[in-house]
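To keep things clear, I will list the structure first and then write my remarks on it.
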Amino acid sequence: MTDTRITSLLAWEALDSRGTPTVACEVLLACGARGQAMAPSGASTGTHEAAELRDADHRYAGRAVTRAVANVETTLAEAVHGLDALDRSAVDTALLATDTDAALSNVGANAVLAVSVAAALAAADARRMPLYRSVLDAGAAPLLPLPMVNVISGGAHAGGAIDIQDILVVPVGADSFRQALEWCWSVRRGTAMAAEQRGLSTALVADEGGLAFPLTRNRDAFDLVTEGIHRAGLEPGTQAAIAVDVAATQFFQDGRYLLRTEDRALTSAELISEFTEWTTTYPLISIEDLLAEDDWDGWEQATVQLASTQLLGDDLFVTNPARLQRGITHHVGNAVLVKPNQIGTLTQARSVVRAAHDANYRTVLSARSGDTEDSWLADLAVGWRTGQIKVGSTMRSERTAKWNRLLHIERELGAAAEFAGCDAIRR
Ligand code: PGA
Ligand code: ZN
C-alpha cells in the first residue's frame with residue numbers, strides 16, 4: 001500500500017506570462033510522488049474574486065509574492081501535513097481553514113490555489129494516472145471540451161483597443177478536438193488577412209495572444225471575424241460561430257456603460273438591445289459578462305431577452321457557489337465561467353461545475369490573462385466534463401500548453417475519445 005500522506009511543501013516565486021511574479025509550489029508525498037503547480041492571475045478581475053496576496057513593497061513594483069510563498073511553506077504546510085493527498089476534500093478544507101476571510105486575503109488565494117492543484121497532481125502521480133483520470137467521477141468517461149478561441153482582443157488585455165475584451169471563435173461544427181483547434185487557427189489566420197487588407201497591423205498580440213488593433217466601432221471586430229470564418233472556408237453559424245467576452249464591469253461607471261470606442265453611454269436596457277441586434281446580424285452564440293458584476297436586474301432581463309444565446313457569467317459568478325446559486329434561483333445567465341483561482345481550491349471549483357450541471361447551466365473552464373506554462377487546466381476540463389474551455393489564442397506558449405495537452409489526451413484516448421462538440425454550447 002503506497003503512503004500517500006503529504007510530507008512537505010516547497011514554494012518559490014516564479015513569473016507568469018505577463019512577467020508578473022506568481023506562486024509556484026511542489027507537494028511531496030511519503031511514497032515519493034510529487035505534484036507541481038503555479039497560480040495564474042487575472043487583469044480584468046471581478047470585485048468578488050478571492051484575493052491574491054502581493055507584497056506591495058519595492059520588489060517587482062509591488063507585485064512580488066514572497067509573503068504568499070512563505071505562507072505555503074509555513075501556515076499551509078502545517079495545515080496539510082500528514083493528510084492523505086487522495087482525500088482532496090480534506091486537503092482543501094484544511095487549506096481554507098487557515099484563513100478567517102472567505103476571500104483568503106490573509107494567506108493569499110494565489111498560495112492556496114497553487115497548493116490545492118499541486119496536491120491533486122501529487123495524488124494523480126501516486127496513483128500513476130494522468131490528472132484528468134484521477135479527478136474523474138466513478139463511472140464517468142473523459143470528455144474533450146469544445147474550445148472557445150480568442151481572435152481579437154480589446155479592453156484591459158489590449159490597452160483598450162476596443163471596449164469589448166475578447167472576440168472568440170467557437171468551432172461548433174467540428175467533430176474532434178484536433179479539427180476544432182485547426183479550424184480556430186484557420187479563422188484566426190483568415191481574420192489577420194482581412195485585417196491586413198484594411199491596413200491594420202497584426203504584428204503585435206495582446207495578453208492572451210489575440211490580435212489587437214484600434215477599431216472605431218466594436219462591431220468592426222465582428223465583421224472581421226465573420227470575414228475570417230469565410231476566408232477559412234467555413235460556414236458561419238453552422239461550422240464556426242462567434243463568442244464574445246464583453247467584460248462590461250470594466251466600462252461600467254455611475255450607472256452607465258461607457259463605450260469609449262464609439263463615444264456612447266448606454267443603460268443596461270440599451271446595451272441589451274445592442275446585443276440583441278448583434279445576435280441577429282452575426283453568428284453570435286455566446287456572450288460573457290454582457291453586463292456589470294452587480295447588475296443583477298439587468299442580467300435577469302438579458303436572460304429573458306437573449307434566451308437562445310449562451311449567457312456566461314465570469315465577474316458575475318466568480319466561480320463562487322453562493323453567487324451561482326443566486327443566479328440559478330433568479331434565472332440569471334445560463335452558463336458559468338469557471339476559473340479555479342477565483343475561488344481558491346479545486347474542491348470549490350468542482351462543486352461549482354456540479355451545481356451548474358445540476359441546474360442545466362453550461363460550464364466553460366477558463367485560464368487567466370496572466371497564465372503559466374502549466375497544463376493542468378486541460379486535464380480538469382476533460383475530467384470534470386466541463387464541455388467547453390477558454391484559454392486564449394492559438395499562440396503564446398502559456399496558451400498552447402493547454403491546447404497541446406488536450407491534443408495529447410485526445411491521442412491517448414484514441415478511438416474512445418469523446419468530444420463535446422456543439423451540444424456543449426447550443427441551447
Ligand atoms: P482575466 O480575463 O484573466 O484578465 O480576468 C479573462 C476573462 O475575463 O475571461
Ligand atoms: Zn471574462
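Numbering starts at 1 and runs along the chain as it is shown here.
Just so you know, glycine gets a Cβ as well, placed from its N, Cα and C.
Among the candidates D245, D254, D263, D358, the residue that TrEMBL annotates alongside E288, D314 as binding Mg(2+) is D245. Q165 ((2R)-2-phosphoglycerate binding site) and D314 (Mg(2+) binding site) have their C-alpha atoms 13 Å apart, to the nearest angstrom. Residue counts for the domain 'Enolase N-terminal' (6-135) by DSSP state, with H, G and I taken as helix and E and B as strand, are 50 helix, 26 strand, 54 coil.
In this structure, the binding-site residues that sit close to ligand 2, with a C-beta under 6 angstroms from any of its atoms, are D245, E288, chosen from D245, E288, R368, K390. Of all the binding-site residues in the list K339, R368, K390, the shortest Cα-Cα distance to E288 (Mg(2+) binding site) is found for K390. Ranked by CA distance from S369 ((2R)-2-phosphoglycerate binding site), the recorded positions E208, D245, D314 have E208 at the top as the closest. Listed in sequence order, P147, M148, V149, N150, L168, L337, V364, L365, S366, A367 are the same-chain residues six or more apart from K390 ((2R)-2-phosphoglycerate binding site) with CB atoms under 8 A from its CB.
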